[in-house]
Amino acid sequence: RLQESRERLSVCSKVCYAVGGAPYQITGCALGFFLQIYLLDVAQLDPFYASIILFVGRAWDAITDPVVGFFITKTSWTRFGRLMPWIIFSTPFAVISYFLIWFVPDISRGQVMWYLTFYCIFQTLVTCFHVPYSALTMFISREQSERDSATAYRMTVEVLGTVLGTAIQGQIVGKVVTPCIESPVFIEKTNSSVAMEELNMTHDTESLTDTRNAYMIAAGVIGGLYILCAVILSVGVRERRESSELQSDKPVSFFRGLKLVMNHGAYIKLIAGFLFTSLAFMLLEGNFALFCTYTLGFRNEFQNVLLAIMLSATLTIPLWQWFLTRFGKKTAVYVGNSSVIPFLILVAVRDCNLIVTYIVAVAAGISVAAAFLLPWSMLPDVIDDFKLQHPDSHGHEAIFFSFYVFFTKFTSGVSLGISTLSLDFAGYQTRGCFQPSEVNFTLKMLVSAVPVGLIVLGLLLFKLYPIDDEKRRKNKKALQDLR
């Protein structure tokens with residue numbers, strides 16, 4: 001009890017630790033929801049090139065995670081810690097590159113390379129922030145209950161970060177009417193006065209200058225928050241070297257450690273399950289703005305619908321923390337991920353009005369909260385289980401976290417690239433006021449049928465995951481004895 005008392009974290013420390021998770025989520029949410037529609041309708045790139053940027057950027061982001069994890073394991077301890085210097089020094093460069101992603105260069109050629117270059121640079125730098133921050137979970141306390149509590153704080157702030165990212169980006173950009181171009185084929189088919197009136201309106205607001213300025217203002221605000229959160233984390237959190245070390249620890253090489261990690265059954269099964277459920281929500285995130293704008297016809301409301309999703313997720317994080325404590329983490333996985341399925345099916349099978357859309361958004365937010373909280377709450381359990389099986393191996397926390405992120409990011413890059421390509425094949429009209437029926441059907445599949453299938457597959461794989469509440473309690477007791 002004396003040892004547990006010494007390992008307890010103050011509320012202030014937990015809050016400062018949690019604030020460090022906001023930059024990744026704020027920028028990630030802004031990019032996830034808005035980058036696709038920005039590249040297509042503001043930068044006016046061809047959907048084929050937009051799909052290349054989205055795929056290569058995400059794939060590069062995935063590759064950098066294990067690379068950064070490798071270099072972290074080779075980093076020596078300093079008076080600031082082993083992980084904190086990565087967070088501090090990457091921050092200013094990440095903010096600059098993030099701003100340049102949302103800048104439209106005045107060049108006729110080379111726009112694709114501009115966005116691809118700065119997107120990859122930012123993803124590298126934000127990885128240098130987020131991988132050590134994720135591994136920091138294992139260095140703030142040896143007590144599982146304290147880590148779980150700090151993770152709950154972190155997830156609350158991270159989902160709040162997604163709210164901020166959605167609100168800042170959506171509300172600033174949403175205040176400006178992005179001009180669209182009426183399809184000549186559509187006008188010829190309808191020959192209506194309403195269509196002609198809309199065409200005249202779009203010609204009157206042809207310039208995209210206001211929209212581009214709005215995106216840059218939003219990027220500046222988000223960049224300022226990024227720096228503020230990094231400062232709070234570095235000042236308010238103390239990295240404890242002894243928190244992850246056991247009495248019998250001996251250094252093990254990175255590649256041997258990687259082999260051990262990848263042969264750990266519980267880790268592979270956890271990754272397999274979360275890979276598909278996370279992919280479902282990433283597909284939903286990447287295509288939801290286009291879905292609201294064109295398929296549902298809520299061009300001036302989509303940013304508010306996105307905000308409803310993130311607000312719902314933020315408010316239900318404490319509920320899921322209570323639920324997993326009361327009923328177990330595996331039960332929370334099944335209930336949390338499956339609860340959104342009926343609402344996604346509802347979106348696909350019937351035309352939704354605005355009220356129904358907000359109901360679906362709130363339901364989706366409840367599942368998003370579970371998808372955010374549970375992986376980061378369950379990964380430390382897998383690491384504890386690994387330490388019991390390999391007591392002579394230590395310092396591999398970054399490998400566990402970075403390779404989990406690697407697999408989810410790489411597959412999300414593939415899925416977003418394929419989804420944007422599918423929109424191109426369906427006949428997506430850049431800056432169009434309306435889209436062909438094939439595009440609307442494709443968007444329905446991307447935010448409904450495909451995510452539902454991925455969630456079901458992920459939940460089936462979770463049945464193989466071996467660490468339940470009883471196993472966790474035994475591991476905790478065994479780790480205490482080993483220390």
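Placement of Cβ uses the backbone N, Cα and C atoms for every residue, glycine included.
Note: TrEMBL annotation is automatic and uncurated.
Checking TrEMBL for transmembrane segment across the ranges 16-40, 116-140 points to 116-140.
Spatially, the transmembrane segment (398-421) is adjacent to the transmembrane segment (266-284); three or more Cβ-Cβ distances between them are under 8 Å for residues at least 6 apart in sequence. Looking at which of 83-104, 266-284, 331-349, 355-377 has the most CB pairs under 8 Å to the transmembrane segment (304-324), the answer is the stretch 355-377. Of the Cβ pairs linking the transmembrane segment (355-377) with the transmembrane segment (83-104) and spaced 6 or more residues apart, fewer than 3 are under 8 Å, so the two regions do not touch.
Listed as Cβ neighbours of the transmembrane segment (331-349) (distance under 8 Å, sequence separation of 6 or more from its ends, same chain) are residues 273, 277, 284, 320, 323-324, 356-357, 359-360, 363-364, 366-367, 369-371, 374, 444-445, 447-449, 451-452, 455-456, 458-459, 462.
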